[in-house]
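Straight from Swiss-Prot, the features:
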- D341: active site, proton donor (ACT_SITE)
- D36: [4Fe-4S] cluster binding site (BINDING)
- 150-187: region 'Disordered' (REGION)
Amino acid sequence: MKLAESMYAGPAHIGTLRVASSFRNVHAIMHAPLGDDYFNVMRSMLERERDFTPVTASIVDRHVLARGSQEKVVENIQRKDKEESPDLILLTPTCTSSILQEDLQNFVNRASETSTSDVLLADVNHYRVNELQAADRTLEQIVRFYIEKTRAKDPGSPDPGGAGRRQASSSTESGTEENLKGACGGEKTKKPSANILGMFTLGFHNQHDCRELKRLLAELDIEVNEVIPEGGLVSNLKNLPKAWFNIVPYREVGLMTAVYLEKEFGMPYTSTTPMGIIQTSAFIREMALMCHEVYNNSSTKCSQTDFESCLISNTKKVPKTYINKQTHFVSQAGWFARSIDCQNLTGQKTVVFGDATHAASMTKILVREMGIHVVCAGTYCKHDADWFREQVSGFCDQVLITDDHSQIGDIISQIEPAAIFGTQMERHIGK
């Protein structure tokens, strides 16, 4: 066991609840003892939203231990179904209540018989994954559930998944056209469009990043099809395959969903994080290539005139022209890199630590765009260690993969860097 103070990523049920509470009209029921039900207070304090956090704790007490949980869990699901009328009720245990080894899937099946809402059990191993891994898995599970539900309602529709699998073994033109059709036989959007996967509650600057992504896509004449899970409706998940491609801003959450959609519908995706001038340039080029791939291989209703009117239509000229304009006349990144504040750090030693996405991107920005010496770059995402090492290789002297705050504290005290780019924990260490 670890003290909550020393944890970079929380237990698995926190990730599941973050995804559930990000969707609109979704209610989560947490099967847990007293002490595990702090998510409501934490989210209300940090997000400061007007609405109540849609999470109910089904408390495991002495009566439950004596008689079993089924009656209480089913009763709570049915009560919330009548009171809230949510589109989806998500049941999740915690690592503590998992010790009871109860058949929660049976509870869900029983509650589903009398509930008008969909009822789903979060399929997460609470002893093997952390908060971020559980969030990634839960989002993919919810998307899979509603796409399969839509297919089951319309069994006569074409099977894009089958077409996608056929395309892997056969490059026939008809297979390609079937594969690139939208949800359950629907067509792609007329204009180039994208889904943004992985924006959710309590995320690090997720709202600001989403706003900037939407602005970037609008300037490139790319429509936003769906943003999930933050502010999304589960009833709209069937529309995900209508987009031309998927954007995964953060590897931690959304990557499994993008891989699933690629496998089932042949939808390309990019997991390049547009942080910094160089990575934003690569991000724009990837989007241009994906748009051309879909336009050339699919039966979209986008006319050649409409497509060529989009800024993204010229894969060679547009990214270079757009990026040069943004760098020299719009963005202040180049100005900041030459400012006194930044030049004071030029050649100085720094330490970077955080989640894999932000730590890797920040390391590259500091080295390539600001000329700052990164002595140590690290992440607490141990499950993504190989990718992180590959990304920061050649940009730092030392790579640290750990979720123990004392190790990064020791390294900071040894190096004595001029600046620390890290989490709240590193802020306390630096003081």
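Going from the start of the chain as shown, residues are counted 1 onward.
Quick reminder: no glycine exception, Cβ is built from N, Cα and C everywhere.
Taking every protein chain shown into account, D36, D341 are the recorded positions, and of these the Cβ with the most other Cβ atoms within 10 Å belongs to D36.
Secondary structure at D36 ([4Fe-4S] cluster binding site), taken from DSSP and collapsed to helix, strand or coil, is coil. Across the structure, D36 ([4Fe-4S] cluster binding site) and D341 (active site, proton donor) place their CA atoms 44 angstrom apart.
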